[in-house]
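If you look up TrEMBL, you'll see 22-36 marked as compositional bias 'Polar residues'. Per TrEMBL, the feature compositional bias 'Low complexity' maps to 37-59, 88-105, 385-398. Annotation source TrEMBL lists compositional bias 'Gly residues' at 402-424. The domain 'Major facilitator superfamily (MFS) profile' annotation in TrEMBL covers 146-668. As annotated by TrEMBL, region 'Disordered' applies to 1-120, 370-424. Annotated transmembrane segment per TrEMBL: 158-177, 189-210, 217-236, 248-269, 281-306, 321-340, 468-486, 510-534, 546-566, 572-596, 608-628, 640-663, in sequence order.
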Amino acid sequence: MHPFPQSLEPPPRRGGATPAGSSNRPQSPLTSPTSLTYPSNAYAPSSSYPLSSSTANTSASRPLINSGDSHYYDGLSSPTPGSRPRYNNNNNSNDIDNNNNNNNDGGALSSDFSRGGLYQDDPRNRRLDTLAKIDNADFGWFHVRACMVAGVGFFTDAYDLFAINLVSPMLGFVYFSHNGNSVPADIDAGLKIAASVGTFFGQIGFGYLADRLGRKRMYGVELVIIIVATFGQALSGNSYGLSLHWSIMIWRFILGIGVGGDYPLSAVITSEFATTNRRGAMMAAVFAMQGFGYLTTALVAILLLLGFKSMIVANPMNLDYVWRMLIGLGCVPALVAVYFRMTIPETPRYVLDVENNLYKAENDVNRVIPTRNALQSDRDEIEARNSNSRVNPRRNNNALGGDDGPTGSGSGYQKGGSGAGGAGGAGAGGGYNSLFSTSSRENDRSHQNKGTFRDFCHYFSRWETFKVLLGTSVTWFALDVAFYGIGLNNTFILSSIHFTTLTDEAYEKIWNATVGQAIIVLLGAIPGYWFTVFLIERLGRIKIQVLGFVMSCILFCILGFAYAPIHNQSPILFVFLFALTQFFQNFGPNATTFIIPGEVFPTRFRSTGHGISAGMGKLGAIVAQVGFSSLKDRGGEKNAGIPMLLQIFALFMFIGLLFTYLVPETRGKTLEELCGDEDYTSRQLERERFRQNGLQEKDENYE
């Protein structure tokens with residue numbers, strides 16, 4: 001029966017007085033849910049929370065009454081302060097208390113309230129608690145391990161991609177002595193474009209597959225592809241039916257597919273495992289390994305040149321050993337990382353939002369993220385801090401439940417009778433529990449919610465979502481035109497100022513090119529990456545991206561329009577400005593264009609959105625390489641067109657700056673806040689209610 005008669009006022013509050021405006025409102029019962037039944041016309045307030053005995057007796061800001069062993073909560077104070085939206089226990093899809101206090105201890109307090117009663121048995125609240133554990137976790141060994149495993153892949157990617165910059169002049173001495181010891185321009189362009197073309201397809205393909213099949217299932221596959229392709233390059237040779245350069249191009253295309261797959265997978269996995277306040281730094285640290293890979297290419301080349309110096313001086317053909325070893329050693333870090341990638345768990349967000357397996361997500365999070373041990377003291381401190389805070393009123397429109405009665409929960413709130421769900425409709429318990437699988441079986445696909453092509457098109461058909469994809473794609477495209485335009489061709493740029501052409505001897509020429517690359521990376525790229533790591537959570541993504549585009553544009557203008565004076569007066573000044581350009585690319589858009597797409601898209605499209613953005617970047621790299629090869633000698637003399645190319649790079653930096661303003665700032669926000677996944681989950685619950693009640697839904701309103 002009902003805890004108190006319908007015709008009577010609720011029992012008096014402890015302390016006597018009843019707050020103004022609530023005298024006619026009955027208090028919500030919070031006894032064990034299995035012991036309660038409501039008559040069909042019973043009214044239950046929308047803000048019902050279970051309270052542990054310790055909380056009920058110590059919280060002065062939450063007046064309670066006592067009826068035997070039952071506690072009654074007046075619904076005026078939120079028991080779960082925190083930055084994440086909190087749902088009340090009747091599970092209405094719109095009953096959300098958007099508390100924006102940005103209190104990082106909200107997850108701890110939520111865990112305390114989940115010890116018993118309705119909150120513990122409500123899948124919606126369990127989902128929120130699971131996400132809160134990830135977002136508010138202390139930085140620990142698992143986060144370090146995730147960064148290391150993902151970072152080794154980027155180390156390998158950069159090593160293999162930029163090694164061709166040093167391999168190309170070696171091939172010139174070994175196989176193209178008839179062409180002035182240099183690779184013909186069309187072949188050189190093909191060698192460098194092949195990997196970018198493969199990377200484009202890898203980013204799009206792996207991005208899509210990671211959303212369809214799961215991050216874990218695809219993670220590690222791309223490293224296997226890289227290992228095989230790296231060995232294939234190192235063992236390439238001339239034959240009657242296939243020349244050396246075509247063999248290398250084919251293997252580099254395959255290599256690019258693996259490298260491309262690493263971008264969306266590493267970005268999304270790091271993003272979905274990271275804490276909110278360190279997500280940008282973790283993703284930047286993963287991407288910063290690209291700089292070490294770039295540098296290691298030059299250092300390994302220096303060591304190999306020193307080891308083979310006497311042989312190369314005696315016969316330049318011995319450079320054939322050097323370039324094969326330089327490429328082949330690139331698979332060593334991939335061999336180390338492939339096991340760890342294949343054993344990393346699926347991201348909890350994918351398990352929750354796509355597989356809809358709440359049981360597995362909770363277990364995965366509890367296994368990899370340590371729980372806090374001082375929940376009681378944390379709760380008391382938070383309650384004292386928020387005792388005077390005002391709480392948003394809650395609506396009770398029963399979007400998922402029956403009529404005006406309380407919606408059912410999966411554990412027993414019912415509307416008439418004793419069955420689960422009651423007579424008044426499915427309720428939230430039916431909708432939410434049927435939407436979420438609580439089975440421990442990982443291969444249970446009956447509840448999976450993978451985004452369809454129609455859903456994808458509908459989601460990005462709105463300007464507010466499409467502009468984000470447009471912004472991330474165009475900024476990455478503009479950045480890569482310049483980044484790969486100079487990154488894959490800095491030997492030409494350095495030779496244009498006679499930094500690497502002081503001699504025609506094979507050893508000296510390649511040695512100078514290798515040392516020049518190492519200097520540029522040490523002065524510019526490495527510091528730029530790590531400035532981003534340490535400052536991105538203080539300055540934000542957009543400020544760093546704007547700064548990088550502005551400074552790169554200015555520096556490219558100086559190098560392009562003042563090329564002749566700088567070239568004639570001081571090659572060292574040119575190298576310094578060139579390195580400074582790389583610094584502001586890496587302390588700027590090269591890092592942020594990788595980070596932001598891993599944050600702004602919903603879970604079901606996050607990897608696909610990142611893959612599309614990265615793929616547009618690789619289109620920029622292809623355009624840059626084609627343009628560089630065709631324009632660098634324009635003007636009659638060798639490398640005469642480089643000043644014009646630097647001016648073109650400045651233009652693309654300006655374009656990237658303009659499109660940056662389509663992209664939102666993501667610092668300090670959860671992934672669900674950024675992409676609206678909470679709203680999507682509510683709409684999925686609404687769909688489930690339509691389905692259970694046999695109603696016709698309108699798909700266009702719920703995509």
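The backbone N, Cα and C atoms fix where each Cβ goes, glycine too.
TrEMBL labels come from automatic prediction, so no person has curated them.
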> Can we call the transmembrane segment (321-340) and the transmembrane segment (158-177) in contact, meaning three or more C-beta pairs below 8 angstroms at a sequence separation of 6+?
Replying inline: yes
>> Please identify the stretch among 248-269, 281-306, 468-486, 546-566, 608-628 with the greatest number of Cβ pairs below 8 Å relative to the transmembrane segment (640-663).
In response: 546-566
> Is the number of Cβ-Cβ pairs under 8 Å between the transmembrane segment (281-306) and the transmembrane segment (158-177) three or more, considering only pairs separated by 6 or more positions?
Replying inline: yes
>> At a threshold of under 8 Å on Cβ distances, which of 189-210, 217-236, 546-566 pairs most often with the transmembrane segment (248-269)?
In response: 189-210
> Which stretch from 468-486, 510-534, 572-596, 608-628 shares the most C-beta pairs under 8 Å with the transmembrane segment (158-177)?
Replying inline: 510-534
>> Restricting to CB pairs under 8 Å, which listed stretch, 217-236, 468-486, 510-534, is in contact most with the transmembrane segment (608-628)?
In response: 468-486
> When you scan the chain for residues with a C-beta under 8 Å from the transmembrane segment (217-236), skipping those not six or more beyond its ends, what do you find?
Replying inline: 153, 156-157, 160, 202, 206, 209-210, 244, 247-248, 250-252, 254-255, 257-262, 265, 269, 324-325, 327-328, 330-331, 334-335, 337-339, 341-342, 344
> Which residues of the same chain, at least 6 past either end of the transmembrane segment (510-534), have a Cβ under 8 Å from a Cβ in it?
Replying inline: 165-166, 169-170, 173, 281, 284-285, 287-288, 290-292, 294-295, 297-299, 301-302, 305, 319, 490-491, 494-495, 499-500, 502-503, 544, 575-576, 578-588, 590-592
> What same-chain residues lie close to the transmembrane segment (572-596): Cβ under 8 Å, and 6 or more beyond its ends?
Replying inline: 263, 267, 280, 283-284, 287-288, 291, 472, 475-476, 478-479, 482-483, 486, 490, 493-494, 497, 499, 516, 519-521, 523-525, 527-529, 531-532, 535-536, 541-542, 544-545, 547-549, 551-552, 555-556, 558-559, 566, 613-614, 617, 656, 660, 663, 666
